[in-house]
Amino acid sequence: MLMRKVPGFVPASPWGLRLPQKFLFLLFLSGLVTLCFGALFLLPHSSRLKRLFLAPRTQQPGLEVVAEIAGHAPAREQEPPPNPAPAAPAPGEDDPSSRASPRRRKGGLRRTRPTGPREEATAARGNSIPASRPGDEGVSFHFDFNAFRSRLRHPVLGMRADESQEPQSRVRAQREKVKEMMQFAWQSYKRYAMGKNELRPLTKDGYEGNMFGGLSGATVIDSLDTLYLMELKEEFQEAKAWVEESFHLNVSGEASLFEVNIRYIGGLLSAFYLTGEEVFRIKAIRLGEKLLPAFNTPTGIPKGVVSFKSGSWGWATAGSSSILAEFGSLHLEFLHLTELSGNQVFAEKVRNIRKVLRKIEKPFGLYPNFLSPVSGNWVQHHVSVGGLGDSFYEYLIKSWLMSGKTDMEAKNMYYEALEAIETYLLNVSPGGLTYIAEWRGGILDHKMGHLACFSGGMIALGAEDAKEEKRAHYRELAAQITKTCHESYARSDTKLGPEAFWFNSGREAVATQLSESYYILRPEVVESYMYLWRQTHNPIYREWGWEVVLALEKYCRTEAGFSGIQDVYSSTPSHDNKQQSFFLAETLKYLYLLFSEDDLLSLEDWVFNTEAHPLPVNHSDSSGRAWGRH
Ligand code: DMJ
């Protein structure tokens with residue numbers, strides 16, 4: 001400062017330093033900085049400093065989806081757990097934390113190639129994702145299976161209290177009978193149709209159908225979790241081996257987005273969550289990616305058909321409207337695809353569907369069955385809780401439950417829709433049977449499809465979270481609808497229910513034409529029995545379920561598997577020669593659960609997708625961790 005006052009003196013810099021002095025000073029400074037950073041990275045015990053100085057690690061993808069949908073701010077990633085994920089527990093083993101697979105013990109966690117933009121960005125930042133291995137078809141994302149399993153509130157396979165107390169109990173014998181039926185259905189399929197989509201028990205061969213775009217093995221994938229749950233260990237291993245060795249995704253046909261999602265994706269996701277086996281996670285994600293072109297429409301509402309041929313969009317090649325039950329039944333599986341892959345795209349797709357449905361005007365609060373994926377308008381005003389509409393409503397209440405009761409939007413949409421259904425579609429017949437009719441622009445068809453019989457279970461499931469003054473009402477409504485569906489079985493000669501039944505001209509809960517009199521091994525009625533049993537423990541539901549078991553044995557069991565029948569009103573019905581994959585996924589699973597303790601796949605921990613594949617509830621804790629990772 002003094003020097004500035006000396007006349008004729010021009011300082012070398014504003015700090016009063018000459019150039020060489022400044023250079024030396026800067027050199028010293030940069031040396032100091034380099035030394036500090038070197039210490040930060042190289043010295044031991046520097047992690048605290050790192051945390052202080054470095055940017056926080058990227059939040060785990062997928063977590064924010066759950067949080068956002070739940071209306072919470074995304075939670076921060078926690079420290080990784082000290083131990084690798086455990087081996088897949090064998091059926092019957094419930095404590096995954098007590099084991100570690102030899103493969104994982106040896107090689108540590110399996111991490112592979114990034115799949116989505118977010119994954120790539122994470123990998124580029126060097127955040128725990130190493131380079132891909134040649135030929136690795138894996139998905140580079142670490143899902144902490146160990147942490148996920150530790151958050152379940154019940155052992156997956158339950159405590160089986162009834163067995164220890166009453167080894168020869170009737171209910172145990174009933175459960176064993178259902179298990180034997182599953183074993184027979186599986187072994188028949190394996191013997192005559194292994195690897196095909198479904199078994200034809202009369203002709204003793206396999207059937208591929210045209211719903212799956214060239215994918216095979218629908219029965220294998222649909223059976224995995226049922227075999228696991230029933231502790232059919234050998235059969236489960238057979239199914240798993242087929243998935244590992246023979247389930248190929250390089251197909252190029254046109255597939256139903258809905259069917260592939262609920263059966264294949266749902267089945268693979270459940271198999272992964274039950275066992276921790278990577279093969280199921282990887283195949284689910286890879287297959288999920290193949291479904292994405294279906295969403296490439298002007299509104300993002302997917303078309304029903306997706307072409308697996310690369311470069312061809314589903315919406316350009318199929319008809320003009322999308323079906324509510326189809327595009328409305330993706331939410332559960334797609335959130336789990338994001339959860340298990342870290343790829344946000346799956347959650348974004350279903351979040352967009354929700355947005356479109358939230359915004360669009362609903363006639364009287366009802367959701368019509370057809371929507372244009374181009375204009376985003378309803379195509380006609382046909383409303384049904386049966387086919388075409390059914391699982392859309394189911395997925396609303398289950399989204400709420402699966403989110404750990406944080407997805408308020410789904411909850412509100414569900415109860416609003418149910419109110420409208422009650423107001424405009426619900427009826428009581430002159431004979432006192434409660435039923436949900438179908439609505440065509442204000443005119444009612446007084447009929448219920450077999451498919452609509454799932455609604456007893458759904459309303460029971462949703463009753464507990466309704467407004468207090470409505471809870472008892474919904475419980476009673478669920479019981480009444482389930483009773484009506486039971487009547488549709490009880491009023492037939494076979495004690496199995498028709499595809500559709502009417503409430504017209506003094507005839508109630510019966511089909512009025514042969515074309516509606518068939519039974520194709522559908523699950524919806526026993527599904528409702530299972531939920532009502534869990535809710536009420538009224539023995540009537542087990543009695544009704546047992547009637548179904550006896551009827552299936554009498555009329556549907558053939559020498560080489562189970563078959564649907566063409567007329568439930570004939571005591572000598574013809575068979576339709578098809579053992580539907582959903583018979584193994586759903587009908588037998590729900591029957592088995594009906595004769596089991598409530599903690600076997602507890603409803604506190606699991607929601608069932610519409611093909612009865614269990615998907616875990618998000619048990620995040622108060623510190624903001626979401627399920628499956630720290
Ligand atoms: C199953 O594939 C699913 O339950 C679907 O939601 C409706 N149809 C069949 C069973 O009937």
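Here the Cβ of each residue, glycine as well, is placed from N, Cα and C on the backbone.
Per TrEMBL, the feature transmembrane segment maps to 23-43.
The feature region 'Disordered' is assigned by TrEMBL to 74-136.
Feature annotation from TrEMBL assigns compositional bias 'Pro residues' to 80-89.
The compositional bias 'Basic residues' annotation in TrEMBL covers 101-113.
If you draw a 10 Å sphere around the CB of Glu259 (active site, proton donor), it holds 20 other CB atoms from the protein chains shown. Annotation comment: TrEMBL describes Glu259 (among others) as active site, proton donor.
Under the heading active site, TrEMBL lists Asp390 (among others). Over all protein chains present, the Cβ of Asp390 (active site) has 25 other Cβ atoms lying within 10 Å.
Taking all protein chains in view, 30 other C-beta atoms sit within 10 angstroms of the C-beta of Cys485 (disulfide bond). In the three-state DSSP classification, Cys485 (disulfide bond) falls within a helix. Taken from TrEMBL, the feature disulfide bond applies to Cys453-Cys485.
The C-beta environment of Glu499 (active site, proton donor), restricted to residues of the same chain at least 6 apart in sequence and closer than 8 Å, consists of Gly449, His450, Ala511, Glu516, Ser517, Tyr518, Tyr519, Ile520, Arg522. According to TrEMBL, the active site, proton donor annotation covers Glu499 (among others).
The active site annotation in TrEMBL covers Glu524 (among others). Neighbour list (Glu524 (active site), Cβ cut-off 8 Å, at least 6 residues apart, same chain): His450, Leu451, Ala452, Cys453, Phe454, Cys485.
In this structure, Thr610 (Ca(2+) binding site) belongs to neither helix nor strand by DSSP; it is coil. What TrEMBL lists as Ca(2+) binding site is Thr610.
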Neighbour tally for Thr610 (Ca(2+) binding site), based on other Cβ positions within 10 Å of its Cβ: 26
Protein Cβ atoms within 10 Å of Cys453 (disulfide bond), excluding its own: 31
Of Glu259, Cys453, Cys485, Glu499, Thr610, recorded positions neighbouring ligand 1, Cβ under 6 A: Thr610
Distance, Thr610 (Ca(2+) binding site) to Glu259 (active site, proton donor) (CA atoms, angstrom): 10
